[in-house]
Ligand SMILES: Nc1ncnc2c1ncn2[C@@H]1O[C@H](COP(=O)(O)OP(=O)(O)OP(=O)(O)O)[C@@H](O)[C@H]1O
Ligand SMILES: [Mg+2]
């Protein structure tokens, strides 16, 4: 009794200053934290909540009748069903293909692994709709294969079947990398142990290998599903009558100026995306049996002989299809009028660098600004979340997670509706485009930064502060340099994604600030395939060049 | 100038209900001395040290350095140096850059800055490694860089958290002596954390033995070993036999304690008061017991462990266990289990503790 009554007051009186001390000790860092959190709330959470609100509240206030009448329209449910069907199909096929590639690359004597790996990564660094463009060129009405080779006149390339093909190929690399990472981190001693106990190859595979990579398989399925739901470019170009939520939301917004329907459709997208994302984050990733050590463990390749032949054929079929699509795009970019006049020309490139130069330089400029901002903000947020427990950290954590999990469409619509009036009148500016790029790509840097921070001995930062440096100085002089690998991961990701993104920014571009991806889309729609192909080729080339450059810088600075 | 005083320091970590890492601790580190915090794992040593550094905020109490209350002063404004267990060298900087880091933050002229860095690198025998990355140094060299980096800013207080635990046994002793020599030379007030009692005794002016967040004893190395305040301190500071006995007689200068029918000590009384008939405990170090055919004490051998330099015997004296070392075994032979040995105890270093311990025990010594 007396003990308790003595302990409580002293505990309480001292707790308040200690709680505030975190802030007082480093007002600068707390200021940075406050500004970052506020920005994340304004640019990530607020737009999404605006859309959710718009979905149910019109300018006449909440009207259940309006909501019901919107919901009773068949296009709403049709596009939802389409989205789920497409997402599930693509997820299953891409994961199966990714597994096939990953298993063959890590466990068999398949020849040409580097080639397979290189080609399999192409779709990751290019806009997803490069595939759509290729499909139109190859299988469209005047397609190189359908008409030229097979002589089919009215081939219908538009619809579900093409979308599945494109998305599966475009998202296979995600599954491939994911599963490959897991397969590499499984110590093959486990499989050897099974084999040494007399298990057949099939038993070892089905009883040991497969269960161990199941988390990666599940996680890939969910990731591809989210990607497919979010995809706007491919369904827009190739969907035909098969409308997904992203496309339907866009046409309601831009085509019919129906804000409420657009917002409602975008909000509906949030349901499958968030569900898959949360399952992934809180269930699948906790069920991984493999502790990732950062170093690939000892791998022995022991599957050889006859089994490898069908595996190799299947893998090569996939990568050759990808390669065929990319080569087609490059070929067409040098062709006068594909399918009609196949003479070679550089005219399309001339167009891009003259009439299209504005777009090209805009894209590079905006992505060039967004990239370092995204990467540094990502590292900073990782630092604030992992190392400094400021009151209100959860707002920052959830704000960035939300913006990552939410499809680009809802973010784009949210930006248009949130930032269209003072004090936040930003529509039509470069700022709004950059903000969208940053917010959408922040999470990857935060994740990479957090993982790396957890591996950096905390006392290195403590050593800096005890030598007299402020937390802010410590972050920039000690933490950030040590986070270099994560920083480069984030830079590469942010640059690639900022340059190839479409679903959010399509709502935000203006006459002054337009982007290459939006231009490609309109070129394809107006069937200027040659120019579109030239843009795509340049895009892929620029991304590859910048990534190579970054790798070079990273390598040369980490030598000492 | 830079005397450190902990007054009534309490630390409870948030979220760990009820657990008190440090409990109403009072400790003074005199100017220029090295004080060691010693104790078993989890007793609050690191917590105490980190509160002085400023990494942790006390739940209650105040800390002063050189008369200035620093309880709420941020880490980077305390002018305290620290050598970390992991050294915590900045891996992306060279040795020189590491040492320079803190100096650059001081209001010094360029020339003086360079002089200071050069001279400390010279002192620590690091000049030839100045341009190397820390990863390319040996453990001992890294340790020296960490020390150089900590002292080059001329901090008021120097902190060490188990700085030698990453080194192998031999290097450990050498570095221990080096650390102490430099501390003495710079005359810098220091707080040193370790759980190795021989390291603590070798390096410190005072040893503070902690247990469960409180100080058991704060004394010179000699005293914590030979005049332990509590049974815990006696046993923590090396092997000790704690034999129960009864006070037989007390006079002006001596006290006589009987352990068993065959064993009794007559000791100098010291400042404590004893009543005849009082139950007490006697702390007897193994090295003060020897095999002696003429000895008065009879002991039954329970276990024999041959250790090269000596034989360790676990014996029983009328129900009480007693361990001792025999380094004369080559002359007398090694006894066997079950045999009865005659022993004699040098009674001068025997230390008497009361039967039960009270909170004020540590201070009585
Ligand atoms: N950050 C923390 N949060 C919660 N409890 C803590 C924290 N740090 C230490 N403790 C607890 O406080 C007590 C004292 O820990 P401290 O690290 O000071 O012990 P120590 O004496 O340095 O031990 P060791 O010899 O193992 O380093 C322990 O019970 C420990 O579990
Ligand atoms: Mg400790």
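Each residue, glycine too, has its Cβ placed from N, Cα and C.
All TrEMBL annotations are machine predictions without curation.
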(request) Using TrEMBL as the reference, determine which range in A:62-82, A:83-103 is annotated transmembrane segment. (result) A:83-103
(message) Of the ranges A:189-207, A:208-226, which one does TrEMBL flag as transmembrane segment?
(response) A:208-226
(request) Among A:424-442, A:443-461, A:462-480, indicate the range for which TrEMBL gives the feature transmembrane segment. (result) A:424-442
(message) At a C-beta cut-off of under 8 Å, are there same-chain residues at least 6 beyond the transmembrane segment (A:83-103) that contact it? List them, or none.
(response) 116, 120, 160, 163-164, 167-169, 171-180, 183, 209, 213, 217, 220-222, 224-226, 228-229, 235, 242, 244-246, 269, 272, 311, 314-315, 318-319
(message) Does the transmembrane segment (A:115-139) come close to the transmembrane segment (A:532-554), meaning at least 3 CB pairs under 8 Å for residues 6 or more apart?
(response) yes
(message) Using Cβ atoms and a strict cutoff of less than 8 Å, what residues sit near the transmembrane segment (A:208-226) while being 6 or more residues removed from its termini?
(response) 87-88, 90-92, 94-95, 98-99, 103, 107, 167, 171, 174-175, 178-179, 181-183, 186, 190-191, 194, 199, 272-273, 276-277, 279-280, 284-285, 287-290, 405
(message) If I count Cβ-Cβ pairs under 8 A between the transmembrane segment (A:364-386) and each of A:28-49, A:261-284, A:398-418, which range comes out on top?
(response) A:28-49
(message) Need a quick answer: max count of Cβ pairs under 8 Å to the transmembrane segment (A:261-284), which of A:115-139, A:398-418, A:424-442, A:499-520 is it?
(response) A:398-418
(message) Within the same chain, where does the transmembrane segment (A:159-179) have neighbours whose Cβ lies under 8 angstroms from its own Cβ atoms, ignoring anything closer than 6 residues to its ends? I mean 6 or more beyond.
(response) 82, 85-86, 89-91, 93-95, 97-99, 101-103, 120-124, 128, 131-132, 135, 139, 213, 216-217, 219-221, 223-224, 227-228, 231, 234-235, 238-242, 318, 321-322, 325
(message) Can you see whether the transmembrane segment (A:424-442) and the transmembrane segment (A:115-139) are touching - at least 3 CB pairs under 8 angstroms, only pairs 6 or more apart in sequence?
(response) no
(message) Should anything in the same chain at least six residues away from the transmembrane segment (A:115-139) have a Cβ under 8 Å from its Cβ atoms, list it; otherwise answer none.
(response) 101, 104-105, 145-146, 155, 157, 162, 165-167, 169-174, 176-177, 231, 233-234, 236-238, 315-316, 318-319, 322-326, 328-329, 332, 338-339, 496, 500-502, 517, 520-521, 524, 529, 532-533, 536, 539-540, 543-544, 547
